[in-house]
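Annotated in TrEMBL:
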ACT_SITE  GLU304  active site, proton donor
ACT_SITE  ASP437  active site
ACT_SITE  GLU544  active site, proton donor
ACT_SITE  GLU573  active site
COMPBIAS  201-216  compositional bias 'Basic and acidic residues'
DISULFID  CYS501-CYS530  disulfide bond
TRANSMEM  56-76  transmembrane segment
Amino acid sequence: AAMYSGAAAGPPRRDFISVTLGPEETVGVGGYNNSKAWRRRSCWRKWKQLSRLQRSVILFLFAFLAVCGVISYTSMGEAWKSITNKSLDDQRTEQEIPRLKLANPAVLPAPQKADANHGDYPELSLQKPPKLPHVRRGPSNLQIKAPQRDTRVKTRHDTMRAVEELVKVDKVEKTEKSIISWRGAVIEPDQSTEPPSTKIMEPEKPSSVEAEDQKEPVPINERQLAVIEAFRHAWKGYKDFAWGHDELKPLSKSYSEWFGLGLTLIDALDTMWILGLKEEFEEARKWVANDLVFDKNVDVNLFESTIRILGGLLSTYHLSGDSLFLEKAKDIGNRLMPAFKTPSKVPYSDVNIGRGTAHPPRWTSDSTVAEVTSIQLEFRELSRLTGDEKFQKAVDEVMKHVHTLSGKNDGLVPMFINTNSGQFTHLGVYTLGARADSYYEYLLKQWIQGGKKENELLEDYMRAIEGVKKHLLQRSEPKKLTFVGELAHGHFSAKMDHLVCFLPGTLALGAHNGLAADHMKLAETLIETCYQMYAQVETGLSPEIVHFNLHAQKGHKDVEIKPADRHNLLRPETVESLFYMYRFTGDKKYQDWGWEILQNFNKYTRVPTGGYTSINNVQNPSNPEPRDKMESFFLGETLKYMFLLFSDDIDLINLDKYIFNTEAHPLPIWVPA
Ligand code: DMJ
């Protein structure tokens, strides 16, 4: 630094110098000096010796090189990043190859509605059928064969292959599956293990769209024609005097309202489809399209509107493939959801579907056990169809909660549950009749609907049937009919509701699905009893409730009827069980018993001007005392089960593909056999 400060006295300034990069001063006075300070000084001196131009050129060169360096670093960085990422992707792809490949086979249509959880469950997308060119319309036996069958078969075949591949992969993943054994009932390994996810992936198509090879229609027989005639007669009364209202009052030629939602019409939609009543169906469809409005300030019962309206709309959607019914189902489903907003999440009994408010009955904060546990098939299916998991979540939670509750007696449940505490109330009374009946039915049916994977449902069902055997079965005198009584605080009562006659059919369905063979034996015994509840009565029609004689008394039959119980509401349960028994055994006596019942309905409950009526006295053939009301389930259930009972076409609502809700509305089994 001192040297430069004295530059004026230094050597004369040269105007230019040539740039010499050689070590000019490495050999100089003093010899070799390579100290850092010397080198710094020497470089600086050299720099100062350069002209401004030279310095500018050098600076420019440096600047230029620096810019080039930055540019090439950035682009190399990108290249490097992509190389790094690619190798990560490669690693992931290798791990996921089987799943990803199978989740997106070319034959599958693009998802209609994306779901946040899609990526977690690619396998579910495989359950979706390919988009087919043709959607069936019109009642089943009036249908024309679907066109382009070859294409359809091929497409479906390809899809099935993709599914099989997936199943192979899935099987490898889930090697150790437990076998459930329940006192003699052994469930195949592939039917057991974890419950299905509540996360719903993609909306499903109606089952009618999936229907493949349609075989020649099986001709309708005489007895089925008699059912069609009965239906038409009932429908005439409804159409003439109660169109668009809840129930027909056939004697007064008017109607009654319960919810004001055209209950009979909706309940009857899928029956018309199954019976092939195309004209009637189309007319009813128009009413649904133009006049069915749920935005109404009206209180509806959650259970009744779920099984009749939601269930009826969903099954009609599946049978017809007509999206109108799904839209309506979504609407009512959403409007029923406020019922689940309770402290315990056990739903309230009533919902105002216009206001979106819900409440328990006026006198209590209890709900009925059968009601809160018999809405699951419908809400679960609604989730599957819409891709919105909230419906299934709400009802699954109720089942899970009830599963854990104390207060059961060998699997038998009390009749009431509190919506605040979530606990059973009125403990100690056990029945398979009113207020508990369909709890048992839906345990089995949900298990079947979900592909036989939800073990808790099966456990609860099997335990309950053991409870029935242990506490509720007795034999009557003189015919030694096995019946299902009731238990009240340890005391057995020989009382049996007609409602209990759903049980033989449910037991038979369970046995058909691999449960204990003795369930079928019990079903055979119990259906005989239910038949006797008709056969031993003067009109050949069952009363609402019977009491069985436990002791032989001269001149007494097995069945006793109290004056308050001798009404008949045109209920379906016995005919329902006859249908299952005939399907699974082929024994024609079940058809004959059903035929007798139909004739007696015609004899004692048919109103000449149209419609059928409930009666007050099944013991008085000369005056059964008509009540002036046709319940919606007569068209929704009783006549439908009659028609199916008389049919020899096992594919007319195949029981390996469909599960009936408790109002006889068939919904698809998610993993059909
Ligand atoms: C119907 O609404 C249903 O079958 C319900 O499960 C019981 N009551 C009637 C028929 O009896």
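Here the Cβ of each residue, glycine as well, is placed from N, Cα and C on the backbone.
Positions of the features from TrEMBL, shown on the structure.
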residue	record	CB count, 10 Å
GLU304	active site, proton donor	18
ASP437	active site	23
CYS501	disulfide bond	29
CYS530	disulfide bond	30
GLU544	active site, proton donor	20
GLU573	active site	25
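Reduced to three states, the DSSP call for GLU544 (active site, proton donor) is coil. Nearest to CYS530 (disulfide bond) in space, judged by Cα atoms and limited to the active-site residues GLU304, ASP437, GLU544, GLU573, is GLU573. Across the structure, CYS501 (disulfide bond) and GLU304 (active site, proton donor) place their CA atoms 19 angstrom apart. Following the DSSP three-state reduction, the secondary structure of GLU573 (active site) is helix. Put simply, GLU573 is the one of the active-site residues GLU304, ASP437, GLU573 whose Cα lies nearest to the Cα of GLU544 (active site, proton donor). Cα of GLU304 (active site, proton donor) to Cα of ASP437 (active site): a distance of 14 Å. Taking only the Cα positions, the spacing between GLU573 (active site) and ASP437 (active site) is 11 angstrom.
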